[in-house]
Amino acid sequence: MKSAPFLFLLGLLGLVTAQTQDPALLDLLRENPDLLSLLLQSNEHRAPLVKPNVVLLVADHMGSGDLTSYGHPTQEAGFIDKMAAEGLRFTNGYVGDAVCTPSRSAIMTGRLPVRIGTFGETRVFLPWTKTGLPKSELTIAEAMKEAGYATGMVGKWHLGINENSSTDGAHLPFNHGFDFVGHNLPFTNSWSCDDTGLHKDFPDSQRCYLYVNATLVSQPYQHKGLTQLFTDDALGFIEDNHADPFFLYVAFAHMHTSLFSSDDFSCTSRRGRYGDNLLEMHDAVQKIVDKLEENNISENTIIFFISDHGPHREYCEEGGDASIFRGGKSHSWEGGHRIPYIVYWPGTISPGISNEIVTSMDIIATAADLGGTTLPTDRIYDGKSIKDVLLEGSASPHSSFFYYCKDNLMAVRVGKYKAHFRTQRVRSQDEYGLECAGGFPLEDYFDCNDCEGDCVTEHDPPLLFDLHRDPGEAYPLEACGHEDVFLTVKSTVEEHKAALVKGTPLLDSFDHSIVPCCNPANGCICNYVHEPGMPECYQDQVATAARHYRP
């Protein structure tokens, strides 16, 4: 039997190796230097600290003002708001682009889309695009695999499907470092996929597919229950891998139109359909965190929650809320690039609010840093590790941030100042509302989705804003009196461009023969039962819209 002093030493050693900073323990060690020496000798042979699991949760089309924790006045609070209260909520969180495909490529790689090549005449990968995220790009999944992590993904991909045939799956997630790929949307949820009869009589089977890993399992797909499929797959992955470090990427179809929710959440939010969708996503996130707690790994798991870009404001009440920020999806105004950004790590990250600049591209560098691996040095990373920002409250590693639209540099932020070289036309929400009926969108459109052309204005000298005093970008500053700021902007852009090697444009190579089709003899429809219908609470709104509908 071990003696009591020996057991005491073992317990004390455990406290030291866990990096405990208890004052009583520190006083004991100061008063007993021989004990400290013994502990340190034993400590040389201790096991390394456990690598934290990393969970990345990405919402689609969610604006910076959609969550209660970010100030929405009518949205009910949910579990994501609890994470914001108990974790670190950032007010200056940014994404690498204001549109789905390029933004997601930046999340996966830590690099601006202009470096990767995820731009072109079109803005996103389409089902008939032959290209996808280049295999030469290291993804966060591949980086974490190199660090010894199991890797899993569920939900929306939107980084390419096929290359040479309708079934080769050349660009799907399993080819980019994910060991496990559950139910996933290789393209996206869209207006065309509506199966309720709200926007479409019948969903477009040429755009709407549900896969499991590389297998097409439903075309089109049922919206009802989709979030539950993603969530169940995520829970299964956690259960199967909880004993070892893992990286899990959950890319929700919420909050992209067409909106949908299961019966448990329909007609439950005072905010309407958008609120119902958000409550369903809150529930999914809570189930994921509950599973971590059930397996006693919540305190060894860091969770990032972000959106892929700002809201689609032309969709009115179904498009999301950019809060005080101007613009939305596809825009280089703050409303397009600034997002909710929450990091949650119980017991490690102190609760609080941070005004430091952080980006979606920082996640890969931070995860690699925490996982004990390094990223390649043969390329430029726009993302930086924010480990010290999270754990120590340090200043952001970013002194600047670049806003691109395709391969056009639209604006740059330097400190608190933002200089626009080009701006897209943005109308007031009231004007967008004229294209809606009772808040219900009548058409699938963008007022200005361009990076140059008639709805884009060039500025020379640049249009300058102080984002600390004027985050809504309403009051441009005079050049006179800000000469030093303009010089800093100029030198920052020159340095950036001097090191920039643009990627080859990837979004304009098309071949309609590669579009997924599970059953050509049946109009590419399989495992789908069309049951149009909508909850009663939506019917008055839809009836109002029908009276105003313009084909």
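Note: Cβ is positioned from N, Cα and C throughout, glycine not excepted.
Remember, predicted model here, so these are calculated numbers, not experimental data.
From the candidate list Cys100, Cys316, the residue Swiss-Prot records in the Ca(2+) site shared with Asp60, His61, Asp308, His309 is Cys100. Sequence-distant contacts of His309 (Ca(2+) binding site), defined by Cβ-Cβ distance under 8 angstroms and a gap of at least six in the same chain, are His61, Val95, Asp97, Ala98, Val99, Cys100, Ser103, Lys329, Gly336, His337, Ile339. Looking only at Cα atoms, Asp60 (Ca(2+) binding site) sits nearest to His158 among the recorded positions His158, Asn164, Asn213, Asn296. For the pair Asn296 (N-linked glycosylation site) and Asn213 (N-linked glycosylation site), the C-alpha distance works out to 28 angstrom. Figure note: comparing Cβ neighbours within 10 Å for the binding-site residues Asp60, Asp308, the maximum is reached by Asp308. Around Asn164 (N-linked glycosylation site), the C-beta neighbours below 8 angstroms that are at least 6 residues distant in the chain are Lys130, Ala170, Ile514.
Distance noted between the C-alpha atoms of Asp308 (Ca(2+) binding site) and His158 (active site) is 11 Å. Rounded to a whole number, the C-alpha distance linking Asn213 (N-linked glycosylation site) with His158 (active site) is 14 angstrom. Between the listed glycosylation sites, namely Asn213, Asn296, the fewest other CB atoms within 10 angstroms of a CB are found at Asn296.
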